[in-house]
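Participant: Here's a structure for you.
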């Protein structure tokens, strides 16, 4: 990082990175210094320069710092202290002023504390819509003064309130004056902030409803004037609340064109005789303009609006309450909104100078660390709670325009207290003021000695300005810097200066350099093994690995020891191969593995000796003559129970075996190779685990019972099906009996009517 940018001075070194330092030790031409041959080798980390021999008092490594210029402590008992003259000012934010000395790229952090103190003063201004639709709300607002004063005494003993009203611009097509309403107005400031609740009730009681034509009101005009007219309203440097009450939407910037008003709102105070005088000449302000002024003046908004327009009233650091039809719940809205606004603190800062970066980490009541945007805020803060923020600021690389200190303001949204942060970038070296022009150390005055290095005059080159660039011809330099008719100067790894090769450092690894008369050597271009140069078992010297004792090969990859080739029995490759470079080469193709002791196709050692054990211990498998011939090498020991074999502790070369005999019984034995070649020691248990025969009686009984049960089940099923069928047939027969309409039935009675009967 420090040397990859080709720095040429102390200032450039410090700008290369926050960890870079410069060594100011003077170079002497006839001494072998720590430096090497390049000026930029003076620039490195402080640890690296000290390791290479730079005296600690010659290091130029300025570090950043944070200095608290004003650090007044947070007020703990303001209610008791406010009566004392020297404790009238209440402090919720600490510190108040900080000076940051910033090294480019190195963040500086300071702690900012905020505490919501008890009995903090409050100013509240009530801004009400007096259009005709708010007629039923005005009586409840008239009673608000005394009730609100009593309620706010539970929160603070220093509470003031004021009142203002608005309708809309007094030009067509915005207004009308229905009888018996008061004439319309844009904004009227009625009462400046006061602690007299009775005066509030009296003046608000004299207000009359006015009217307008369209539904949106001119509330933003009034909101702008109530915010920026600090002197007329009487705002103090305390908590500022503005209650905005309406049942309609708002006119925004651009709506003034309907009345022929095109001049933008200038965001300044224009109250004359407590009436807004520019309402008919300036357009409505925009929402962004209002938000900027609210943030600038530290005013927090409480929107008390009806439910159908709550979505139209959203600004930063505001609360929205749903107003009832006649505003009877206005007191509840104000108290709840105040608690919601003051229970959250959000840090904001002014615009940073170009290239600077700021970050926040919050320490809130839940003791969880949050960063990013969440690091700016803490919620659910009660009176007496203290929270803190770690603020980190990082400066960009130095530029000419950024050498002078700049200023940043940090403050909680909606609060008047702020922290002033002065930013002072570190862009120079203290050694530069001690430079020596025409220094004898620079080839008899051919350069300026600055921070220990020579800055040569025009036409002079070299570490000490010892070479005249005109006199040193290209042909001479070329001849002296080529090795054995090579085409490249200095092997392509350096520059030819005054007929000598000045070797470069590796572009990929700045801490590693080329060396040699022609820069032909390096200690980082040797063969690698397993990703390590010289396998980690040697050192690279001029491109060739010098291996440590016990290793060989081009990359020191071949250990001379056979320890890695020893099998469990201590033999090299289990006697089935040769050890080469620490790896077994198996000569028997059936065997494999690191030590040639694995044979997937070979029978196990237990299976190999099965037949001999069965014939020697149980007279099975082999005939006696064959058993005597093939199994004479076995040293057989017989024990009674298999449990005795389990008591033998495990050891190297011991095999625990279990095999089946000719009768299907399990035979347990232990097998160990003897000291003589081919001999085997075996301990076999006479107790065998034979499977029990089948229980004929039980099997017969179960089979017979199964047949009987199945037969009975089939009979019951047949009976059930037959009964169901009979019932269905009987039911059908009964239904047919009930039907008496026989198609072939003829009645035996014949009725004859005499047509002449009535005539007679």
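Placement of Cβ uses the backbone N, Cα and C atoms for every residue, glycine included.
Given the structure is predicted, the values throughout are model-derived calculations rather than measurements.
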Participant: In TrEMBL, one of 696-718, 719-741 is tagged transmembrane segment. Which stretch would that be?
Facilitator: 696-718
Participant: Could you check which of the disulfide-bonded residues (378, 465, 545, 690) sits closest to residue 10 (disulfide bond), going Cα to Cα?
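Facilitator: Of the disulfide-bonded residues 378, 465, 545, 690, 465 has its Cα closest to that of residue 10 (disulfide bond).
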Participant: Below 8 Å Cβ to Cβ and six or more residues apart, same chain only. Which residues does that give for residue 451 (disulfide bond)?
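Facilitator: Spatial neighbours, sequence-distant, of residue 451 (disulfide bond): 9, 10, 22, 24, 42, 60, 429, 431, 432, 435.
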Participant: Who sits close to residue 269 (disulfide bond): which same-chain residues at least 6 apart have their Cβ under 8 Å from its Cβ?
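Facilitator: Within the chain, residue 269 (disulfide bond) has Cβ neighbours under 8 Å at 225, 228, 229, 230, 231, 232.
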Participant: How many of the residues that make up the domain 'Integrin beta subunit tail' (606-695) does DSSP mark as helix, as strand and as coil?
Facilitator: 23 helix, 28 strand, 39 coil
Participant: Tell me which residues of the chain lie with their Cβ under 8 angstroms from that of residue 364 (disulfide bond), as long as they are six or more apart in sequence?
Facilitator: 370, 378, 379, 380, 387
Participant: For the C-alpha pair, I'd like the distance in angstrom between residue 599 (disulfide bond) and residue 584 (disulfide bond), rounded off.
Facilitator: 15
Participant: Sort the disulfide-bonded residues 20, 456, 465 by C-alpha distance from residue 690 (disulfide bond) and give me just the closest.
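Facilitator: Answer for the nearest of the disulfide-bonded residues: 20.
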Participant: Neighbour count first, Cβ atoms within 10 Å, every protein chain included; then name which of 54, 501, 690 tops the list of disulfide-bonded residues.
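Facilitator: Buried the deepest by this measure is 501.
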Participant: With residue 545 (disulfide bond) as the reference Cα, tell me which of the disulfide-bonded residues 456, 503, 519, 612 is the closest one.
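Facilitator: Looking at Cα distances from residue 545 (disulfide bond), the smallest one goes to 519.
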